[in-house]
Amino acid sequence: MERSGSGVLSRSRAKTVTNGNSQHSEEESSDEEHPNDSMIRVGGDYQAQIPEFKPDCASRYGEKDQRSMLVWSPNSQVSDAMLDEYILMAKEKHGYNMEQALGMLLWHKHDVEKSLADLANFTPFPDEWTVEDKVLFEQAFSFHGKSFHRIQQMLPDKMITSLVKYYYSWKKTRTRTSVMDRQARKLLSKREKNESNDEIEEGDPGSDSDFEINAKKESAKQNSGNGGGNEKGPSKSCLTRKENQSAQYRHHPLRARRRPPKGMHLEQEDIVALSASTDSGAVTIRQLDTQLVSLKRQVQKIKQTNSVLRNNLGDGIEDMRPREPNQKINSRWTTEEQLLAVQAVRRYGKDFAAIADVIGNKTVAQVSSFFVSYRRRFNLEEVLREWQAEQEVQGSSGRTVNTELNGSAELEDDEVKMDGISPPHSDSPLPSSEGSASGNHSSAQSSPPLTQPPPLLRPAPPSAPPSLLRQPPPLQTRPLQNRTPHNHPPPPLIRPAIASTLHQGALRNSLSSSSSSAGQLPPSLVGLKVESPQSH
């Protein structure tokens, strides 16, 4: 069974070795550029010689792997001066550290010349930190802080990038109770106290418990070195006493200062007064307590006074505070805003500031541009005339009522006159019915445009009785009064009516002279025909 197993292993090894040899042969053939590179070589000449399998070799290989590698062993052939010069050259010129340089020298069997020649053939691993490098870095960091250029002066074989990388990895694993931290605290306390007495600093109980543990170890080593086992007991008791003294400040070592805090000063007279009698300290404390209570009362009283003043100040500030606009200025005109602007023009006329205040979200310039842009669309000129007429009416309200009454009475008289004036103008006998009807129809067509109200006002219904037509409302006469230059008592609608009746009489005379109809109507029917189209 063992032979079969060894045969299998040998075959597998043969395959692997043949593959390696074939690759190696192909590389050599490619280097030599033979023409038959793609040929497969078969035969015993092209096979590797495989040694027999020895199971004892595996254990020996394992033992070798578990052993540590020797880096350096001193030799009398190399002097200390030569060794220092070799290490300095390896560090400055090739970037080796001390351990790597000594390993190279041991590899060449303490031959300095061969080691110096072989240093340039290898590149040292830059991130490898020895214990010595770590201690030097902590010392440099305690002195210089994060000034990595100064730290590099203490570690010349390290690059700044390597120092920064190691700093962040060291910062994560850094503990508060390290030796360098304790040394930094001691230096800080020395700087703050500004004392030159080093013995007081060494006897200061403001150290950590780890420092005491290290002191225990050192004392134990000293006792073991001296061989006095019985001396361990009193040393432990002394250390426990020290621990009890420093237990109060173990987490806050900076509180164990000899000087009082800022703002407190020790005077000899006060100390003498306190030490004179036992009750003086209690009396002083009571006085300080009463003083503290009185000061607290004063603070509370001042707070109450401030709150009252603050409330009084807040009562009247709202009246003096300017009002913020509720609506933002918007240049777009909605339908509601347009209608509101038209009504505001009817109310305020061209007072654009008042119109802008009514709308709320428009400026005076926007209102004026609206008046110019929408003047024809909303007939703002007529609306403005109505406002002007209303202002004139409000200025002379009594006179306006009288003029309206006189105008209505004169309108009735003129209509009666129009009925009586038409027959005398006829040169021939009475006009025919057709002529009178055509004349009345033309007068009826010409009279309504003169008595129509403005476009924004509702016209009178055609089926209204004659009494309403003879007395128009004030809104219909107001725009017509503005057209007269001097506000004469007779309205302007009467004169065109008289002229039209004269023109109609002339037309009737011409028609009666040319017509050959024999039927003639009495004069009384002419006046009746004039009112008949208006009643319809």
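Glycine residues also receive a Cβ, built from the backbone N, Cα and C atoms like all the rest.
These figures come from a predicted structure and were not determined experimentally.
Features of the protein shown, as given by Swiss-Prot:
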- 24-36: compositional bias 'Basic and acidic residues' (COMPBIAS)
- 124-175: domain 'SANT 1' (DOMAIN)
- 197-211: compositional bias 'Acidic residues' (COMPBIAS)
- 249-262: compositional bias 'Basic residues' (COMPBIAS)
- 283-315: coiled coil (COILED)
- 328-379: domain 'SANT 2' (DOMAIN)
- 391-406: compositional bias 'Polar residues' (COMPBIAS)
- 422-449: compositional bias 'Low complexity' (COMPBIAS)
- 450-476: compositional bias 'Pro residues' (COMPBIAS)
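With helix defined as DSSP H, G or I and strand as E or B, the domain 'SANT 1' (124-175) counts 34 helix, 0 strand, 18 coil. If one looks beyond the coiled coil (283-315) by at least 6 residues along the same chain, the residues whose Cβ comes under 8 Å of a Cβ in the stretch are 274. For the domain 'SANT 2' (328-379), the model's average pLDDT works out to 87. Counting residues per DSSP class in helix, strand and coil order gives 32 helix, 0 strand, 20 coil for the domain 'SANT 2' (328-379).
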